[in-house]
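Colleague: Attaching a single structure in structure tokens format; questions to follow.
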Amino acid sequence: MADKEAAFDDAVEERVINEEHKIWKKNTPFLYDLVMTHALEWPSLTAQWLPDVTRPEGKDFSIHRLVLGTHTSDEQNHLVIASVQLPNDDAQFDASHYDSEKGEFGGFGSVSGKIEIEIKINHEGEVNRARYMPQNPCIIATKTPSSDVLVFDYTKHPSKPDPSGECNPDLRLRGHQKEGYGLSWNPNLSGHLLSASDDHTICLWDISAVPKEGKVVDAKTIFTGHTAVVEDVSWHLLHESLFGSVADDQKLMIWDTRSNNTSKPSHSVDAHTAEVNCLSFNPYSEFILATGSADKTVALWDLRNLKLKLHSFESHKDEIFQVQWSPHNETILASSGTDRRLNVWDLSKIGEEQSPEDAEDGPPELLFIHGGHTAKISDFSWNPNEPWVICSVSEDNIMQVWQMAENIYNDEDPEGSVDPEGQGS
């Protein structure tokens, strides 16, 4: 009986999702300056823009690159580098180019040929997460379904993978007992990599100190303060010895690598009422960070007084799995997760007065809801070179590259012609 009910609920939910997506598609010309929808061969659990951009002479587009992965059903997995052509501001831009069938829009007409897979490298199992090293973006670390963290220099691998499926990482980092997701390169110390694991620990490696012939590197330090699965870890962006971690024990911990005590963090705070899945330090303000949780909220913190939560962002309907500050605006952050939505928030609008109609759509700090995905969003990344451009990937193989309409983040349109959900006002 329960099975029948579940099947009925699933069918109803699918109908609702499809209806919502139709409405979203109809409204994209008003909500976005750019939407590119691309179906990957396999879903990617990870997405990160590489820092480089090419601007070909005489062309009306620039070329950007992304690090992706695969999550296959028992077939060979790959670490993937893809290129994306984004239209320049002066590209022929016309809302009538919107292709309602494809859900693509933004000057370009069709996206075919605008997104290409450039490099595929054999990988052991799915790529839980892949992140490039800031000091040398050719070097990419990956989290696997095993306890190993792998490091690849993609310039040393052919762009077409060996058909044997053999995975040959340049380094294999040991120290964990289980898999995980969290991964963070130190932006101030080249080669210092942190990883979070289901085994309740955080490992630190220094790959700059690796002997030339050694392929296996043991963790330099293992941090053991959490009492449950560690979901995410992140270096502070300015202080080379500080990092934060979050876990299923509902805690946010701040660590200092100069401390001799690897089982006790400098600070530990009960951050949420459920598992904490992600964290992000603000790139402009050295004391500010955000955490995202299974309690459906994003919390804002000040390192100078962690006893007090600065703010709680509430609008998500389900678990939050990723939170990232904008690289271009210190008050802007985004969050995504199981509810298929990516929310963009603006701290500067906290506490603003709202009409009752506006309040129904969400709090004043909720700037935009990206409603283009019809499955859980696994990861997203702000483009470092094009403000307001985001790449998001979902569990149903869909990758979207999009940019909200300028009148939404530039307050020149006080009337607010369209509300953030895209239902029109």
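Counting starts with 1 at the first residue shown.
Note that Cβ sites are derived from N, Cα and C of the backbone, with glycine treated the same way.
Below are the features I grabbed from Swiss-Prot:
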MOD_RES   ALA2  N-acetylalanine
MOD_RES   LYS4  N6-acetyllysine
REPEAT    32-125  repeat 'WD 1'
MOD_RES   SER110  phosphoserine
REPEAT    126-175  repeat 'WD 2'
MOD_RES   LYS160  N6-acetyllysine
REPEAT    176-223  repeat 'WD 3'
REPEAT    225-270  repeat 'WD 4'
REPEAT    271-314  repeat 'WD 5'
REPEAT    315-371  repeat 'WD 6'
MOD_RES   SER355  phosphoserine
REPEAT    372-404  repeat 'WD 7'
Colleague: Which residues of the same chain, at least 6 past either end of the repeat 'WD 5' (271-314), have a Cβ under 8 Å from a Cβ in it?
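Modeller: Contacts of the repeat 'WD 5' (271-314) (Cβ under 8 Å, skipping residues fewer than 6 from its ends): 228-229, 231-239, 244-248, 250-252, 254, 320-325, 327, 330, 333, 335, 337, 343, 345, 347, 350, 363, 365-366.
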Colleague: Determine, to the nearest whole angstrom, how far the Cα atom of LYS4 (N6-acetyllysine) is from the Cα atom of SER355 (phosphoserine).
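Modeller: Roughly 43 Å, rounded to the nearest whole number.
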Colleague: What whole-number Å value do you get for the CA-CA distance of SER355 (phosphoserine) and LYS160 (N6-acetyllysine)?
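Modeller: Checking the Cα atoms of SER355 (phosphoserine) and LYS160 (N6-acetyllysine) gives a distance of 56 Å.
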Colleague: Could you give the number of helix, strand and coil residues in the repeat 'WD 4' (225-270) as assigned by DSSP?
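Modeller: Final tally across the stretch: 0 helix, 22 strand, 24 coil.
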